[in-house]
Amino acid sequence: MAIRFGSILCSLVIVPVSIDFVNDVQYGIWLTISSIVAWMSFFDIGFTNGLRNKLAEALAHGDNGLAKVYVSTTYFLLSVIFVPVSLLLLLSVQMFDISILLKVAQSYEAELKVSLSILIVYFCVTFILKVLSVVIIAAQRPAFSSFIDLIGQLMSLVAILLVRDTMEGSLTVLSLCLCIPPLLVWVFFTFFCYGGKYSFCTPTFKSVNLRYSSSLLTLGIKFFVIQIAALIQFQTANILIARLYSMGEVTQYNIAYKYFNVLYMFFMIILQPFWSAVTDAYAKGDYSWIKMMVRKYMNIVALMLVGALVMLFASDFVYKIWIGDSVSIPFVLSVWMMVYFMTTVFGAVFVYLINGIGALRIQYISSLISPIVFFAVVMLLSKCAGMGMVSILIASVIANFNGLILAPMQYRNVIIKRKAGIWTM
């Protein structure tokens, strides 16, 4: 738990340090292009989530040989996907005028191209390396995965602090500071882990078996569609704000987001092992344990609501201490950010449970509908009602009808009432 708290603290400290190194507009640009490049992660077609379930099942049955095949095959498939995709994107960056896309001054164009190129390489290589994280989590050791992320964050923070007083602030330098250290950390731990505790599933070309790709893909393709819906709802916020409002408001939104994201990150400290643990318990028919854990998580959510209200009423004070007077955060933005994160935390319990048992049909169908709902509500509230940035948060809450309504219904029917049919598909 101390590791996750350290990660939360580090992510909060990086914000004012980064803004101090560049400025609020440049930081807003960084956040926006990061969101765009993060879309690359969804080219995995759900393989990593498919691996998470299949690997947990193999480990539950003590089949290390099958585990090695799944891990090796996933590394191979992701490499085949991401290397060409990254090359295509690097070429595209040089062909298009990025400043027009983001509606920023032409003077940023050269830096935008370099920064985007750095981000593309970073996301491509790191995403392949982070298969290790799936292996660690499937083995129910999520704290170690979080530790690796924390080391990367700390190294990025140190890098920014070192250049802040010695170099002129720029998007290119910020990109290097935030991308290179975490990448090197994942390279180191990949060799460290597969040479030690996880040697039983060290990926080798000999262990690649494409016959198992279908079992990864059958489950993974559903996760892929679900991920695309999540991408649209959660990763397009910065782009929508940049297009509908301004880069300054991107920074406002993200400061409030990072503040209340502490709630979500804290909850994930506790919830992260639940997915793989449910896979194990469901395979063994231990329904009583699953019901007990859901009750415990709901009690934690209730306690977190109290903490969220305290954070809300203390938000203005915290913002001033955290970032000073450089950026002003509207209180109404904080209110809706709190509502958004609390509804997300509630739904996450049931979504993780459903992901763990692999009953994805309902979530799959709802994910096809939710992006339409999201964009419709955003346009209605922002264009017709003139509600500003909060329209994105309200739309996100409404579009999360699966987590708030359908997933709890599915839990009740599968785990409590033991119904089959569409509930278990």
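Every residue, even glycine, has its Cβ placed from backbone N, Cα and C.
TrEMBL annotations: computationally assigned, not manually curated.
Listed in TrEMBL for this protein:
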type: TRANSMEM; residues: 29-48; note: transmembrane segment
type: TRANSMEM; residues: 69-96; note: transmembrane segment
type: TRANSMEM; residues: 116-139; note: transmembrane segment
type: TRANSMEM; residues: 146-163; note: transmembrane segment
type: TRANSMEM; residues: 169-195; note: transmembrane segment
type: TRANSMEM; residues: 216-235; note: transmembrane segment
type: TRANSMEM; residues: 255-276; note: transmembrane segment
type: TRANSMEM; residues: 297-319; note: transmembrane segment
type: TRANSMEM; residues: 331-355; note: transmembrane segment
type: TRANSMEM; residues: 362-381; note: transmembrane segment
type: TRANSMEM; residues: 387-409; note: transmembrane segment
Exercise for review: Could you tell me what the rest of the chain brings near the transmembrane segment (297-319), counting residues at least six beyond its ends with Cβ under 8 Å?
Suggested key: 255-256, 259-260, 262-263, 266-267, 270-271, 274, 327, 329, 331, 334-335, 338, 341-342, 345-346, 349
Check your understanding: Do at least three CB pairs under 8 A connect the transmembrane segment (69-96) and the transmembrane segment (255-276), leaving out pairs fewer than 6 apart in sequence?
Key -> no
Review point. Would you call the transmembrane segment (169-195) and the transmembrane segment (362-381) in contact, using three or more Cβ pairs under 8 Å, pairs 6 or more apart in sequence?
Key: no
Practice item. Quickly jot the same-chain residues contacting the transmembrane segment (331-355) by Cβ under 8 Å, restricted to those at least six beyond its ends, or write none. Key: 49, 53, 223, 252-253, 256-257, 259-261, 263-264, 267-268, 271, 274-275, 278, 290, 294, 297-298, 301, 304-305, 308-309, 311-312, 315-316, 362-363, 389-390, 393-394, 396-397, 400, 402-404, 407-408, 410-411, 415
